[in-house]
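According to Swiss-Prot, the features are:
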REGION    1-199  region 'DHBP synthase'
BINDING   ARG26, GLU27, ASP31, ARG138, ALA139, GLY140, HIS141, THR142, GLU162  D-ribulose 5-phosphate binding site
BINDING   GLU27, HIS141  Mg(2+) 2 binding site
BINDING   GLU27  Mg(2+) 1 binding site
REGION    200-396  region 'GTP cyclohydrolase II'
BINDING   ARG249, ILE250, HIS251, SER252, GLU253, GLN270, GLU291, GLY292, ARG293, THR313, THR348, LYS353  GTP binding site
BINDING   CYS254, CYS265, CYS267  Zn(2+) binding site
ACT_SITE  ARG327  active site, nucleophile
Amino acid sequence: MFDRIEDAIEDIKQGKMIIVVDDENRENEGDLVMAAEKVTGEHINFMIKYGRGLVCVPMTEKRLNELGIYQMVENNTDHKETAFTVSVDYKECTTGISAFERALTVKKLVDDNSKPEDFTKPGHIFPLRAKDGGVLVRAGHTEAAVDLAVLAGLKPAGVICEIIKDDGNMARLPDLLEFAKKFGLRIISIEDLIKYRMKNEILVRRVAQAKLPTKYGNFEIVGYEEILTRKQHVALIKGDINKEPVLVRIHSECLTGDILGSLRCDCGDQLHAAMERIGQEGGVLVYLRQEGRGIGLLNKIKAYHLQDQGLDTVEANIKLGFPPDLREYSIAAQILKDIGVKKIRIMTNNPQKIMELSDYGLDVVERVSIEICPNHYNEKYLKTKKERMGHLILEV
């Protein structure tokens, strides 16, 4: 359905437009996207005529500050946090509204010789302030446009325009696919762009290493930090990991289960079972700081409250506005590669974890079950994971 990110990057490099689609649970829209330094009046005219949305120019915060172009409002209450700045025209424009004068303004925004006094405010081009870190920090069209320009080896700025149908409503995916076919444009998703960056960029660095004696044996503990978010994770290593395949457990943080002994989940029991087995056989345990299946500790407690009222763990997440599972495993894959592990036997009941690790280049040769006997408090939770989340659990 979607084109390859590599092909889209090549089109951006050649000055072509593509269509970028975001998540159906977000804005669920498609934008025409191209590199700002490649724009022409014909491109802007196409966007105005066929896209029909607002023509905007995503740029880095650094560049906007250099040009003295600041945010439109001090208190941004937009629910998607779209970071509009004051609109601008290039000083030599007449009205600034024509496709060709708008293209001129865009070109001057990315011209290294431009100065703050070269732009009048307000104008007819709407710069957008992209977040540092791009789609890995905010999964929006603003960040996607800048990321694509950078990946194409061009200046970090794009031109975007929403695609609106003839009847005035937003074009959704079926409409966008037809639009792409009609005009011969490639179409990609922000989700695929995120995966591409996670797979091809180094996003974690090793910070510290020490010996860690435990009741399950003597481990080596290695501390890692995510480069963009500063989030911290650890890996516990036991024995000779050069003998592949290596036994691996990737465990997501659960304060209530791992530390406080909660009976509502099987997390703590799984953690200790994994440490015991790795202590005996050798291997690696990666401990990821993605509490509550990625929603955080306080939201997890809110989800517990909803479960007390009768909702299951999936329904509780959705009620709070989250997907059933927000976890992702690209960082774990990068940690394992840094350690030197490529071929693994993975201790998990979660087939999604296996799929993601394979997508990120690890050779998963075996799934090792890690089932815990259910108790009165977590039986419904485990049954929900099996029936609604596809976990491979036999005991419930």
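Numbering starts at 1 and runs along the chain as displayed.
Cβ atoms here come from the backbone N, Cα and C positions, even for glycine.
Across the fold, the C-alpha of ARG249 (GTP binding site) and the C-alpha of HIS141 (D-ribulose 5-phosphate binding site) stand 35 Å from each other. Counting in whole angstrom, ARG293 (GTP binding site) lies 5 from ARG327 (active site, nucleophile) by their C-alpha atoms.
Of all the binding-site residues given, namely HIS141, ARG249, ARG293, the one with the smallest number of surrounding CB atoms inside 10 A is ARG293. Every protein chain considered, the tally of other Cβ atoms within 10 Å of the Cβ of ASP31 (D-ribulose 5-phosphate binding site) stands at 31. Excluding CYS254, CYS265, CYS267, which define the Zn(2+) site, the same chain contributes THR256, GLY257, ASP258, SER262, ARG264, ASP266, GLY268, GLN270, LEU271 within 8 Å (Cβ to the Cβ centroid), listed in sequence order.
Site extent for GTP: the farthest pair of Cα atoms among ARG249, ILE250, HIS251, SER252, GLU253, GLN270, GLU291, GLY292, ARG293, THR313, THR348, LYS353 sits 23 Å apart. CYS267 (Zn(2+) binding site) is 8 Å away from HIS251 (GTP binding site) when you measure Cα to Cα.
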